[in-house]
Amino acid sequence: MSVTIKTAREIELMREAGRLLEKVHDELADFIRPGITTLDIDRHGEKLIRSLGCTPNFLNYNGYPASICVSVNDEVVHGIPKSTRVLQEGDIVSLDAGLIYKGYHSDAARTHAVGQISEEARKLIDVTRQSFFEGIKYAKAGNHLYDISAAIGGYAESFGYGVVRDLVGHGIGTHLHEDPQIPNFPQRRRGIRLAPGMTLAIEPMINQGRADVVWLDDDWTVVTQDQSLSAHYENTILITDGEPEILTLSR
Ligand code: CO
């Protein structure tokens, strides 16, 4: 598949898909507290998505068994919600969610504190979020895709963090995953030239320790090899003639 340029009508639908997903994330943020299970989060998230008239796009994607990816502490991404996994004060939890609105996909992730967390954990969450914003400073028509990648990775590595290399961001639209792939670290080449109408999911995954990750036996959950904490932050964005529009974040 090649990189698609969305029409004005498609962009309107992507905007609405993004706006509705932001609502879901805002409600899930309020829902997080010690004592709930990761399955509680999935149930609540799926209900929210459906109540907005949308469909969860992760559910059954390549066999993924839930609507929200819930990844705790050393889990990087794609944690599977479970009734036996109870959030504890001091945990950090990454929620990755997506939905389909009138055939158009949105995708976004946030990492939250569960109650009071350590200063080091807070810093990891904040730097991961900021690395996204450092990256999208380059998300402008005429720039090259890997300008974004280099800015994200350079920023996170300047704090001594490990930037995950085995998973990447992606184009998004009528499919959850479209071309191009978007690494979060510098590349040898420049990548495609960015153009107005491209919609991209930019999603840094940053480890407190080394970048290396391993897959658990469930074939989904990605964890840090050194068991250090990991954070994830993602938005769906639109390339315009000027500044990028963040479709899954309005403030
Ligand atoms: Co994504």
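Cβ atoms here come from the backbone N, Cα and C positions, even for glycine.
As the structure is a computational prediction, the values presented were derived from the model and not from experiment.
Sequence annotations record features per position, and here TrEMBL assigns substrate binding site to His78, His177. What TrEMBL records for Asp96, Asp107, Glu234 is divalent metal cation 1 binding site. Taken from TrEMBL, the feature divalent metal cation 2 binding site covers Asp107, His170, Glu203, Glu234. Taken from TrEMBL, the feature domain 'Peptidase M24' applies to 12-241.
Features per TrEMBL, on structure.
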residue	record	contacts (Cβ under 8 Å, 6+ apart)
His78	substrate binding site	Tyr64, Cys69, Ser71, Asp96, Trp220, Thr221, Val222
Asp107	divalent metal cation 1 binding site	Leu21, Asn57, Asp96, Ala97, Gly98, Ile172, Leu176, Ala201, Glu203, Glu234, Thr236, Thr248
His170	divalent metal cation 2 binding site	Leu176, His177, Glu178, Asp179, Pro180, Gln181, Ile182, Leu200, Ala201
His177 (substrate binding site): tally of other CB atoms within 10 A of its CB: 18
Fewest other Cβ within 10 angstroms of its own Cβ, chosen from the binding-site residues Asp96, Glu203: Asp96
Divalent metal cation 2 site, defined by Asp107, His170, Glu203, Glu234: further same-chain residues with Cβ within 8 Å of the Cβ centre: Asp96, Ala108, Ala109, Gly169, Ile172, Ala201, Ile202, Asn235, Thr236
Cβ-centroid neighbourhood (8 Å) of the divalent metal cation 1 site, Asp96, Asp107, Glu234 excluded: Cys69, Ala97, Gly98, Ala108, Ala109, Ala201, Glu203, His232, Asn235, Thr236
Cβ packing number for Glu234 (divalent metal cation 1 binding site), 10 Å threshold: 24
Assigned conformation of His78 (substrate binding site) - DSSP reduced to three states: coil
Residues among the binding-site residues His78, Asp96, Asp107, His177, Glu203 that border ligand 1 - Cβ under 6 angstroms, in sequence order: Asp107, Glu203
Reduced DSSP assignment, His177 (substrate binding site): coil
